[in-house]
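Lifted from TrEMBL, the feature list:
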ACT_SITE  136  active site, charge relay system
ACT_SITE  211  active site, charge relay system
ACT_SITE  575  active site, charge relay system
DOMAIN    38-101  domain 'Inhibitor I9'
DOMAIN    696-789  domain 'Subtilisin-like protease fibronectin type-III'
SIGNAL    1-19  signal peptide
């Protein structure tokens with residue numbers, strides 16, 4: 001099978017060369033692309049091409065793409081690839097590539113109940129009529145977060161949506177309802193590669209992983225759903241737009257992630273079905289090759305989706321904190337980074353010497369602050385077990401290795417090694433061991449080789465704690481070993497003298513230092529190509545809550561082994577941040593149904609917050625190890641425009657609008673791009689009289705990759721509020737002088753105003769520097785425009 005290759009063949013839209021097909025084409029141009037006759041006809045055109053080119057040869061066509069792009073995915077040999085690529089009907093041949101997956105309190109943290117929800121009539125109406133399409137691992141339709149019977153106010157049927165629900169054994173009839181209105185799965189590429197396992201991946205929209213169920217409920221899960229984990233009630237959950245409808249397009253799977261051919265098919269179907277918003281918590285496994293990162297099948301399919309009026313949200317990726325680690329590239333995609341919110345769950349253990357050690361663990365405490373004896377697992381082995389025989393026995397994975405008489409009624413100490421990080425050992429197995437041995441609870445200390453690893457709070461049904469710091473773990477072990485009494489002659493332990501009590505970790509604490517940018521959140525500058533040239537596009541666009549997020553979990557979810565069997569899970573990542581924005585975008589579109597995708601992006605961006613709850617600058621973690629000890633103020637390449645302000649986004653005052661033609665002019669301006677643009681879109685760059693650089697796109701930010709002496713950049717704003725007078729202020733990036741004109745302007749509702757921004761380099765530097773432009777309206781609107789200048793070049797004034 002190594003000789004076979006899965007490729008995506010792109011055909012320019014309607015570039016047909018047979019006169020007998022031309023009459024059919026004219027007729028089919030008069031019907032909607034959503035009409036089944038259209039899709040059937042395009043599929044027949046693709047089949048005819050394959051038969052003509054590969055006469056009598058074996059091949060396997062997986063998909064015909066017909067709504068957003070004209071093309072198909074096919075399994076062929078290298079020789080067949082060559083034959084196809086030489087045909088004049090074929091514009092582009094792209095090798096398939098792999099992709100990967102990158103809340104009880106966040107509505108309150110974002111101010112939704114008293115702000116954005118209240119403005120729209122309360123949570124009972126928040127997002128109503130909007131359809132959010134999720135390209136993810138599917139959904140568990142039995143979860144109460146997706147029921148349509150949780151409210152006395154019936155869900156409407158959105159007339160603009162035409163999707164269907166697949167019916168399979170795993171996803172039976174009745175799985176969909178007025179809340180979950182569409183569900184399909186796409187796995188042809190995975191199946192042809194031989195990596196699809198139907199027993200765990202489910203050949204249906206059902207979620208065998210948990211990730212898709214989690215992201216869907218963050219954006220649009222029902223309001224007031226009880227979160228019960230490990231028998232404890234952690235509050236009630238709600239999506240950002242709890243009245244929005246959900247449509248699921250499963251293209252990612254538990255065992256292997258996913259492939260571009262399947263993802264493009266999912267995007268194409270979602271657009272054809274009529275979704276309002278597409279949410280992708282996925283990123284490519286590698287930077288796309290070619291002229292520019294923007295030219296890949298997924299981003300180009302999403303460009304067509306934006307052309308159709310669909311707002312597209314994508315996770316930035318979890319590859320931070322290094323510069324240029326961004327995994328979402330294009331200006332028409334709204335890229336979301338991950339920030340913390342103010343709720344944290346902490347646990348602690350108090351030792352018999354009155355030392356308190358902090359830790360994590362969603363666990364009960366020991367009763368009545370009673371002190372219990374500590375017993376290390378390696379000191380409670382059966383006679384037939386030694387550490388020499390099993391070097392990992394201290395991880396407490398097998399109760400048969402231990403002496404129950406020693407452990408019963410005491411606290412069992414277990415080691416937490418890299419094997420837990422890799423999933424080889426699990427907290428659940430250690431808890432089962434403790435339960436079988438009648439231990440009061442479990443204390444995990446961190447192996448010295450696991451340096452700086454960040455732990456999510458883990459649910460435990462018995463008293464327990466994980467000490468994440470190796471230094472604190474040493475304090476525990478020093479006290480424990482010092483308290484042991486040994487026989488002078490045999491050195492055997494005759495008494496375990498160390499005592500401790502576990503305080504418990506069910507109670508949430510609230511921090512004033514939130515939000516902060518998480519260490520794993522991918523960073524800009526946006527890489528334009530594989531040579532890591534800087535694109536003049538600010539990425540990420542924005543940050544949103546993404547760390548320690550409670551949300552719905554699939555009944556068979558296995559993405560996090562610690563939450564197996566639970567109905568909710570706490571997860572972290574940019575995957576969790578993106579659906580926050582998808583849901584909030586639904587609120588914006590609900591209020592402004594005529595907003596273009598770029599107008600929605602502008603409303604979310606220009607109103608973002610630059611400060612944490614304490615009024616200080618938002619901080620960004622700079623290291624994987626000990627991130628809270630390695631942080632500094634966030635820049636636009638860390639947080640984009642800032643942290644989302646959901647309520648302000650519903651009243652932006654001014655917006656920056658960009659069209660499909662603007663994006664095409666930008667793509668045509670990339671050196672050597674004209675053939676690629678033609679291949680993907682069927683449009684010639686000659687149609688666009690002028691091209692524009694990335695910095696000249698009408699975005700709510702300005703990024704200049706290389707400022708060679710001076711440059712003027714224009715921005716156009718449109719007033720979507722009342723008549724207002726604005727004054728302009730700015731802070732210039734280091735090594736740059738800035739002037740904005742006009743410095744004051746009056747703008748009536750619906751009118752436009754052009755701003756001219758002059759940049760002048762005052763120092764030679766290759767280090768990025770940052771500034772801001774602020775537009776301050778006399779009716780209270782504040783419009784925030786971040787500035788980033790990377791390379792600065794000025795006149796050489798040195799005398800020789």
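Each Cβ is built from the backbone N, Cα and C atoms, and glycine gets one as well.
Note: the domain 'Subtilisin-like protease fibronectin type-III' (696-789) comprises 1 helix, 63 strand, 30 coil (DSSP; helix = H, G, I, strand = E, B).
Around the Cβ of residue 136 (active site, charge relay system), 28 further Cβ atoms fall within 10 Å across all displayed protein chains. Here the domain 'Inhibitor I9' (38-101) is broken down by DSSP into helix, strand and coil counts: 25 helix, 20 strand, 19 coil. Comparing residue 136 (active site, charge relay system) with residue 211 (active site, charge relay system), their Cα atoms are 7 Å apart once rounded. Its Cβ placed at the centre, residue 211 (active site, charge relay system) has 30 other Cβ atoms within 10 Å.
All protein chains shown were included, and the count of other CB atoms within 10 Å of the CB of residue 575 (active site, charge relay system) stands at 31.
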